[in-house]
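Taken from TrEMBL as is:
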- Phe89, Gly90, Ser91, Asp102, Ile103, Asp104, Asp159, Lys220, Tyr229, Gly238, Val239: ATP binding site (BINDING)
- Asp102, Asp104, Asp159: Mg(2+) 2 binding site (BINDING)
- Asp102, Asp104: Mg(2+) 1 binding site (BINDING)
- 10-206: domain 'Poly(A) polymerase nucleotidyltransferase' (DOMAIN)
- 211-356: domain 'Poly(A) polymerase central' (DOMAIN)
- 358-551: domain 'Poly(A) polymerase RNA-binding' (DOMAIN)
Amino acid sequence: MAAPPAKQWGVTPAISHSFPNERELASNDALIAELKRQNNFEGAEETEKRKATLQLIQKIVVQFVKHVSTLRNLPQSSVDTAGGKIFTFGSYRLGVYGPGSDIDTLVVVPKHVTREDFFEHVPSLLERMAPPDAIQELTPVPDAYVPIIKLELSGISIDLIFSRLELVSVPMTLTLKDTSILRGLEDRDLRSLNGTRVTDEILELVPQQKTFRTALRGIKLWAQRRAIYANVMGFPGGVAWAMLVARVCQLYPQATGSVIISKFFFLIGNWKWPQPVMLKQIESGPLGVRVWNPTIYPSDKFHLMPIITPAYPSMCATHNITMSTKAIITKELQRGREITDKIFAGQMQWKDLFTKHTFFTDDYKYYLSVVSSSRTKDAQHVWSGFVESKVRLLVASLETQGSISVARPFNKGFDREHHCNGDAEIEAVLNGDLKYQATNVKTETTDAVNDPKHIAAAQGNAGGMPMPNGDSELHTNGESQQTIYTTTYYVGLEIIQDAKRLDISYQTREFTEMCRNWTNYQRELNSLFIVHTRNYDLPSDVFGPGEVKPTRPKKKITAKKRNIDASGLEVTIAQPQISIERISFAALLLGHQDKTEKKLQTSIAVQSLSTCYHQQAPEK
């Protein structure tokens with residue numbers, strides 16, 4: 001009797017239903033052991049603390065809904081059954097969280113509870129019902145595109161978002177799978193529901209969740225280490241990487257996590273973009289909302305690496321990818337394939353896949369430093385987040401300059417604090433000078449600071465967020481010092497071989513005007529400069545322990561140019577010494593409105609691009 005046909009996962013049949021052999025099982029064990037060495041799993045005690053924290057929040061949500069129901073003068077029977085339920089999404093729901101990971105949490109309430117109620121009553125209920133001193137942070141951000149309450153409770157970071165359904169009650173048995181619950185919702189409520197609905201669909205569409213989670217842990221760690229994990233900067237975010245791994249799991253339903261990772265680099269590295277990656281066919285639904293469809297919407301045709309969310313309404317999770325970031329992703333996928341091939345051949349180990357990027361140490365000779373600054377820390381969180389949300393547009397514009405082959409943004413910013421005496425020192429700081437950086441304040445990356453207002457603004461949600469103000473004066477030894485807060489974003493530039501002049505005046509002027517034309521920009525409070533930086537002039541705080549900062553090359557004067565031979569070895573071409581004009585995008589000194597604003601200097605003219613050209617040998 002013939003065996004029943006194997007179940008098809010996804011939009012095409014599986015490539016292989018083969019079960020793993022001993023070598024593949026051993027490789028999977030080695031992968032898990034390496035992930036544990038990399039501190040990718042948290043302990044059982046910490047996981048239990050997460051569960052207890054979520055149980056507390058569930059109780060608070062029920063109490064919150066009852067409280068509002070009582071204020072609405074509903075009958076006691078309706079108050080008792082009004083309900084309220086929390087849903088998790090993101091890394092926690094997918095089961096790939098680690099030590100210190102946030103828990104993305106959706107609060108779902110019935111129709112008589114409003115978003116205003118959420119921000120008015122939930123913070124006080126949290127403070128009242130949480131154990132003493134359990135709340136370390138409580139920051140509501142009601143003006144964001146997706147309003148949020150950022151909470152740290154018992155050492156667990158939680159992001160609370162809100163959605164109201166057109167239901168009279170929200171019982172604990174409620175699920176969000178049925179698209180009929182989306183009827184009548186506001187756009188903000190629909191956006192809030194999307195995260196949970198997408199996460200749940202991904203888990204339902206993979207053959208083996210345990211295998212999926214192992215492989216996704218490996219791919220996430222690899223992407224983070226290689227600095228290609230950041231949706232806002234033009235790289236795939238967590239959901240996009242999860243969908244790519246899920247698609248490979250569908251094609252190899254019996255494989256181990258280690259095999260999935262190996263196949264991931266082969267399949268995704270050779271994917272015929274812009275053919276979309278989909279976990280299932282795109283669904284129609286009951287709403288008159290836009291669903292990804294390049295045959296109807298011309299803008300969808302321009303998505304370079306479309307990865308489509310499985311839950312209605314389906315959207316492209318990777319619309320931010322640019323030509324440069326696509327090239328970097330493709331290069332990293334090729335590297336990953338070469339390493340995993342050697343891992344299975346016994347020539348390398350899993351730790352080799354997870355080695356740190358070389359963005360600052362070896363990848364580029366030329367960088368643009370995009371320096372956003374403010375007079376107050378709160379204002380800087382919002383301003384830097386807004387600037388971060390636009391960096392990918394600068395990158396896309398730079399790609400149109402014929403002398404630039406790749407413009408790669410680093411996937412996070414660097415927050416610094418500076419103490420200045422006088423206008424000259426302030427101007428130097430605004431131009432990227434670190435001479436007056438506070439020595440008692442550590443430089444931190446934006447992801448480590450994890451400020452909720454910065455995150456909301458960086459995700460493109462700054463439209464309704466007011467610019468905070470405050471006192472920026474710092475008194476030391478009886479003298480007044482001005483504290484300037486900066487966040488710097490770095491863009492690595494790969495220049496074509498024969499370039500001798502780089503003029504990006506149009507691109508930089510367009511970028512700065514776009515940022516300065518933001519409704520909430522305040523010229524007496526905020527500033528934006530772009531500075532050209534050579535690799536040997538990069539600040540020391542962008543380098544990690546054990547990393548070696550590039551050094552200034554020695555001048556070599558020769559009448560002949562040495563060509564690059566077939567092996568792609570490094571050559572040196574002697575040319576006149578480089579001449580750089582530093583670019584400023586805010587000539588007005590912070591806090592000095594009485595001075596006439598200087599004319600903006602918006603050109604970077606590199607008359608001769610260095611005495612040295614470095615080319616890496618091509619990957620085999």
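Cβ coordinates are placed from backbone N, Cα and C, and glycine is handled just like the others.
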Between Asp104 (Mg(2+) 2 binding site) and Phe89 (ATP binding site): CA-CA distance (Å): 6
Near-site residues: Mg(2+) 2, ref Asp102, Asp104, Asp159, CB cutoff 8 A to centroid: Gly90, Tyr92, Ile103, Thr105, Ser157, Ile158
Secondary structure tally of the domain 'Poly(A) polymerase central' (211-356) (DSSP, helix then strand then coil): 76 helix, 5 strand, 65 coil
Cα distance (Å, whole number) from Tyr229 (ATP binding site) to Asp104 (Mg(2+) 2 binding site): 18
Other C-beta atoms that fall within 10 angstroms of the C-beta of Asp102 (Mg(2+) 2 binding site): 17
Between Asp102 (Mg(2+) 2 binding site) and Tyr229 (ATP binding site): CA-CA distance (Å): 16
All-chain count of other Cβ atoms within 10 Å of Asp104 (Mg(2+) 2 binding site): 23
Tyr229 (ATP binding site), number of other Cβ atoms within 10 Å: 22
